[in-house]
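S.K.: So that we are looking at the same thing, I have put the structure below in structure tokens.
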Amino acid sequence: MKPINKYTFHFIMKLLCGFTVLLTAAVAYYVYIPLPRRLSEPWKLLVVAAAFRGVTQVVSCHTFLIPVDFEGVQSHDAEFHSVPVRVYEPTQMNQVTLRRAVVFFHGGGWSLGFPKLGSYDLLCRKMAAELNAVVVTVDYHMAPDVRFPVQYEDCLQATRHFLRPEVLAHYSVEPQRVAVCGDSAGGNLAAAVAQQIGKDNSTAGTLKLQVLIYPVLQALDFNTASYQQNLNVPILYRELMVHYWLEYLGADPNLIHSLLLNNHTAQDQILADPHRTKLDWMTLLPKHMRKNYKPVIPAVGTPSILKDVPALLDSRAAPLLAEEEVLSMAARAYIMTCEHDVLRDDGTMYGLRLQQAGVSVTLQHYEDCFHGCVSFAFWPLYFSVGIRAVEDYIAWLQENL
């Protein structure tokens, strides 16, 4: 074998160096996104965001996390009104005292997530252990296999089933101490279920509390102050949120650009008129949240959108659009919002509208937090702000449920 001469060696080294530079540049371009200075652990988030983008192109998120059992919590799978659920129960039971319960709906844009593995499994085990509560996570059907209102109906029927007196008695749950909880799209479902349970006289049981973690609550304005401020901030980009909405509602994906421009709620769109004040963020948001952003309301829009996709105006899909009478019957609320999240204003406006309807609301806002942080509070990521957020809302449940 001939030895490599110095010219060939130098050529190979230059080639390797060039390849390394190109690879580094490509990785940096894929990973790096300019982030706000106050965001918690920004470089860690950049890496996670890059991994999330890569994973979601291949498989559902959350499937790569390994569940770890919490000591003293057992689980089993069941069906509530033909809806798959997993029930978590503390193994030690006081025969005298009934337990409280939480019905949990996972996030993931109504189309991603697997609640029986990874961070959602760990979160439910943590709630069951620390609250000494029965926790039911609902494995609702997801898009693209089903569309709205199937996800909502799955969650509503599973909750109604659990609230039946004989079911609560079977799990030794006190009927007056049941909450619904959800994050992101799960927060949307929890809010919609809380509204329906509140006004549904046919439901045997009631809900004491609703916990909404960075919920998505409306699809009429994709240019609120928080959408404008955070349109490119991971984990949830503005365009991705619009994509989730269109998929959830079974709408034409080509509408995405029209919705990004708010063409569906332009000034000439009469169907949107009854709902404009319900999400008037110039009125509903405090000045420090509005900053210097301005509403985006085109003079002329696309009239066919609201006619072709009527679910955009359906409060079961968009709970922020509910009438005040309906809101007044909903359970007491804990609403978590993050400064660096396109959905920040959804949660803030909903909290104010609930308060105006006479509902007690705890608004928990995190200045250094981003969308999805609660899912990153567990192994292997351990985001400090996610850990803090989980501890805070469980502490609130501990005190109020």
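All positions are counted from 1 along the displayed chain.
Note that Cβ sites are derived from N, Cα and C of the backbone, with glycine treated the same way.
Relevant sequence annotations retrieved from TrEMBL are reproduced here:
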DOMAIN    102-257  domain 'Alpha/beta hydrolase fold-3'
ACT_SITE  Ser184  active site
DOMAIN    313-374  domain 'Alpha/beta hydrolase fold-3'
ACT_SITE  Asp341  active site
ACT_SITE  His371  active site
S.K.: When you measure from the Cβ of Asp341 (active site), how many other Cβ atoms are you left with inside 10 Å?
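M.R.: Within a 10 Å radius of the Cβ of Asp341 (active site) lie 26 other Cβ atoms.
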S.K.: What's the CA to CA span in angstrom from Asp341 (active site) over to His371 (active site)?
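M.R.: Per the Cα atoms, Asp341 (active site) and His371 (active site) stand 5 Å apart.
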S.K.: Could you give the Cα-Cα distance between Ser184 (active site) and His371 (active site), in whole Å?
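M.R.: Here the two Cα atoms are 8 Å apart.
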S.K.: Can you give me the average pLDDT across the domain 'Alpha/beta hydrolase fold-3' (102-257), rounded to a whole number?
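M.R.: Averaged over the domain 'Alpha/beta hydrolase fold-3' (102-257), per-residue pLDDT gives 96.
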S.K.: I need the least crowded one of these active-site residues (Ser184, His371), counting other C-beta atoms within 10 angstroms of each C-beta.
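M.R.: Per-residue Cβ counts within 10 Å for the active-site residues Ser184, His371 bottom out at His371.
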